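Visitor: Let me begin by handing over the structure; questions about it come next.
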Amino acid sequence: MTVLKMTDLDLQGKRVLIREDLNVPVKDGVVASDARILAALPTIKLALEKGAAVMVCSHLGRPTEGEFSAENSLKPVADYLSKALGRDVPLVADYLDGVSVQAGELVLFENVRFNKGEKKNADELAQKYAALCDVFVMDAFGTAHRAEGSTHGVAKFAKVAAAGPLLAAELDALGKALKAPAKPMAAIVAGSKVSTKLDVLNSLSSVCDQLIVGGGIANTFLAAAGHPVGKSLYEPDLVDTAKAIAAKVSVPLPVDVVVAKEFAETAEATVKAIADVAADDMILDIGPQTAANFAELLKSSKTILWNGPVGVFEFDQFGNGTKVLAKAIADSAAFSIAGGGDTLAAIDKYGVSKEISYISTGGGAFLEFVEGKVLPAVAILEERAKA
């Protein structure tokens, strides 16, 4: 994958527009989770150190295009950046017809989704973005799977279009895990439905040695193997699909599970052997023996890809499976990469972020890359690098 990298460019005195993913949760006008901002800070600091006039843009939420809405304003992000960098970071609302920024200065543009034509990737808007800068830097891996004005269109028209350090690191880590992984490789794919992760499961079945499934996905595989799943969430119409995947790659199944009679925070958890699951049971986690078996598989792996918690870890009585696997990944010497919103929440809960080799900032983009799909914002950077 050949793209021009921001780190290789001379940015002294250049006007640099950086597209970051600053789509963070905001509560009562204050940033509630700063993970994405923290991930973007090194790129912004580097551009300033290189003597650039820095303009940063991002989306936040899903406002009605062409209309300002206070709840989707990036004002809380500008406030956060000002504190984090110890300098004034002005939020600029009207920037499409030009903005004054000097070398060593930093401004944040208001939500790009307030601009008409952003989501449709309109050329007219993309050309206005491009006219603002000497160098466009795409650093938002989380939106790289969307062809929009500020992620794809601008890269077509900017004088120079490059990948930022965060985007480059994501691509390197994912390439390492998927293109030529150190073997044996284990993947953990969990979620409520096989249908939403079908492409991921198919793609991984051809590169990994062990495909560990969890959540509703595991229930469909259990049903495919003839095991009782009670009233658990599963997809009867995808049982044959599960059988086909299990014929291609080793899919270790739970030998014991944690069940309850209802899906609730107060539900009583009971450990049962898989054969003993009753008709009115709901499977809400893997059992302790299964967790130990899976942890053993992870211990002998050289590459681990993790997408999705294996139980309803938000309720502590159904969190042990995810906790044991999180610790096993943390203790492993393997190259490990984790991605997806729920996965990141589990990593936070069990305090293993420092032990995982690479944590992806992109949810949908992470999955699409794993599926083997082309990410439009990356493809345009490759095209520009060739030219």
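Here the Cβ of each residue, glycine as well, is placed from N, Cα and C on the backbone.
Below, the features straight out of Swiss-Prot:
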BINDING   Asp21, Leu22, Asn23, Arg36, His59, Leu60, Gly61, Arg62, Arg113, Arg146  substrate binding site
BINDING   Lys197, Glu314, Gly340, Gly341, Asp342, Thr343  ATP binding site
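Can you walk me through where each of these features ends up in the structure?
Guide: A coil conformation is recorded for Gly61 (substrate binding site) in the three-state DSSP classification, outside any helix or strand.
Long-range C-beta contacts of Asp342 (ATP binding site), restricted to its own chain and to partners at least six residues apart, with a cutoff below 8 Å, comprise Gly191, Gly308, Pro309.
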Visitor: List nothing but the one residue from Asn23, Thr343 whose Cβ has the fewest other Cβ atoms within 10 Å; the candidates are the binding-site residues.
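Guide: Candidates: the binding-site residues Asn23, Thr343. Fewest Cβ atoms within 10 Å: Asn23.
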Visitor: Within 10 Å of the Cβ of Lys197 (ATP binding site), how many other Cβ atoms can be counted across all chains shown?
Guide: 25
Visitor: State, in Å as a whole number, the widest CA to CA span among the substrate-binding residues Asp21, Leu22, Asn23, Arg36, His59, Leu60, Gly61, Arg62, Arg113, Arg146 given in the record.
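Guide: Spelled out: the longest distance between any two Cα atoms in Asp21, Leu22, Asn23, Arg36, His59, Leu60, Gly61, Arg62, Arg113, Arg146 is 18 Å.
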Visitor: What count of other C-beta atoms do you get within 10 angstroms of the C-beta of Arg113 (substrate binding site), across all chains shown?
Guide: 24
Visitor: Let's check the environment of His59 (substrate binding site): how many other CB atoms sit within 10 Å of its CB?
Guide: 27
Visitor: Could you state the whole-number distance in Å separating the C-alpha atoms of Gly341 (ATP binding site) and Asn23 (substrate binding site)?
Guide: 13
Visitor: Taking Cα atoms as reference points, rank the binding-site residues Lys197, Glu314, Gly340, Thr343 by distance from Arg113 (substrate binding site) and give the first.
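Guide: The answer is Gly340.
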